[in-house]
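Undergrad: Pasting in a structure now, in structure tokens, and then I'll have a few things to ask.
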Amino acid sequence: MAKEKFDRSKSHANIGTIGHVDHGKTTLTAAITTVLHKKSGKGTAMAYDQIDGAPEERERGITISTAHVEYETDNRHYAHVDCPGHADYVKNMITGAAQMDGAILVVSAADGPMPQTREHILLSRNVGVPYIVVFLNKCDMVDDEELLELVEMEVRDLLSEYEFPGDDVPVIKGSALKALEGDAQYEEKIFELMAAVDEYIPTPERETDKPFMMPVEDVFSITGRGTVATGRVERGQVKVGDEVEIIGLQEENKKTTVTGVEMFRKLLDYAEAGDNIGALLRGVSREEIQRGQVLAQPGTITPHKKFKAEVYVLSKEEGGRHTPFFSNYRPQFYFRTTDVTGIIQLPEGVEMVMPGDNIEMTVELISTIAIEDGTRFSIREGGRTVGSGVVSSIIE
């Protein structure tokens, strides 16, 4: 069978289903693929079992089960993630294994918001999922219109509580199972949901359009030409003649100009996100730059020591710690290309963290690193990974 050509003319977004166990996330995922396929003949209609039997993947040593499906509307192409278990969501969202530009929060109209509904909204807030659209599922099981309105209000309040715009979030009422069974009235609700997703979740900015940043992996001197920093461009573009800042691991940021860009020993005019390059830097001595720093467009990212982070602590089975840790625990925090020691403070009322838990903690590093909300890191101890985290807010 010939492979279908990937249509680049459509914009692309990554989304996922979130919500409490058994509220219908996987059924909804199956319904979206099925209903859209039926209409356009594009994509693949997936059955519940095909999605539910997601294989385990290992992302940075963490075992996660995730189902990846794709489908398209008239306006956009979507990559959609759905996870079988609550723990898989926690790991997925914290490690960034599944980047989400937006999420569909599935809430059973028959049950209303439940503990994991709240936890997934909090996680979305902390790991930087920017937009949420709500699907009230199982509405065929609720005869009372007032009850539906009550559940909708509860969900909106919950979203507002975690700083999402609860009053403006689109809420679609439907039944994933009925849509999957081909009930026209409920198929229409799937189209309504996807129209809301198309409209409400903006097309993400491409990595190449963001401000330039490159983590420094290695540094060497070329006699007579100067100092070269090598690494993979994480975002944006850099051109010969651009001014950049060297950030992190030192008191002052240093500004310099890129006088040459090389890739595979060839000289380039510019490099962009994804390229592995060497950047020749004017007037920078070998001692003034080191692995673990970043090169960035001036003023776009700043060095910090203290931040809040959402962290998943690896279980013993995943090769993590066998024992809990407490406040003042001092492991290494691995940011991009280097380890920095940091001190952990647990939230008030939390005495210790067990392997397999997730928690929001405060971290203070011993030296500054270029970080921002959404920067991901690993926690390491003697070279092995014991946790995975994402910066949820900068303190100083």
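In case you wondered, yes, glycine gets a Cβ from its N, Cα and C as well.
Straight out of Swiss-Prot:
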type    : residues              : note
BINDING : 19-26, 82-86, 137-140 : GTP binding site
BINDING : Thr26                 : Mg(2+) binding site
DOMAIN  : 10-205                : domain 'tr-type G'
REGION  : 19-26                 : region 'G1'
REGION  : 61-65                 : region 'G2'
Undergrad: Gly19, Cys83: which of these binding-site residues has the sparsest Cβ neighbourhood within 10 Å?
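TA: Candidates: the binding-site residues Gly19, Cys83. Fewest Cβ atoms within 10 Å: Cys83.
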Undergrad: DSSP secondary structure for Gly19 (GTP binding site), reduced to helix/strand/coil, please.
TA: strand
Undergrad: Measure the Cβ-based neighbour count of Asp22 (GTP binding site), defined as the other Cβ atoms within 10 Å of its Cβ.
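TA: For Asp22 (GTP binding site), the 10 Å Cβ neighbour count is 12.
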Undergrad: Determine which residues of the chain contact the region 'G2' (61-65) at the Cβ level, with the cut-off under 8 Å and only residues 6 or more beyond its ends counted.
TA: 54-55, 83-85, 88, 91-92, 95, 97, 312, 314, 317-319, 385, 388
Undergrad: List the residues of the same chain that sit at least 6 positions away from Cys139 (GTP binding site) in sequence and have their Cβ under 8 Å from its Cβ, in sequence order, or write 'none'.
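TA: Once residues fewer than 6 apart are set aside, Cys139 (GTP binding site) is near Ala109, Leu148, Lys173, Gly174, Ser175.
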Undergrad: Among Lys25, His86, the binding-site residues in question, whose Cβ has the most other Cβ atoms within 10 Å in this structure?
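TA: Neighbour-count leader: Lys25.
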Undergrad: Which number gives the other C-beta atoms within 10 angstroms of the C-beta of the residue listed as 'Mg(2+) binding site', all protein chains shown included?
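TA: So the number of other Cβ atoms within 10 Å of the residue listed as 'Mg(2+) binding site' is 23.
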Undergrad: When the region 'G2' (61-65) is classified with DSSP, how many of its residues are helical, how many are strand and how many are coil?
TA: 0 helix, 4 strand, 1 coil
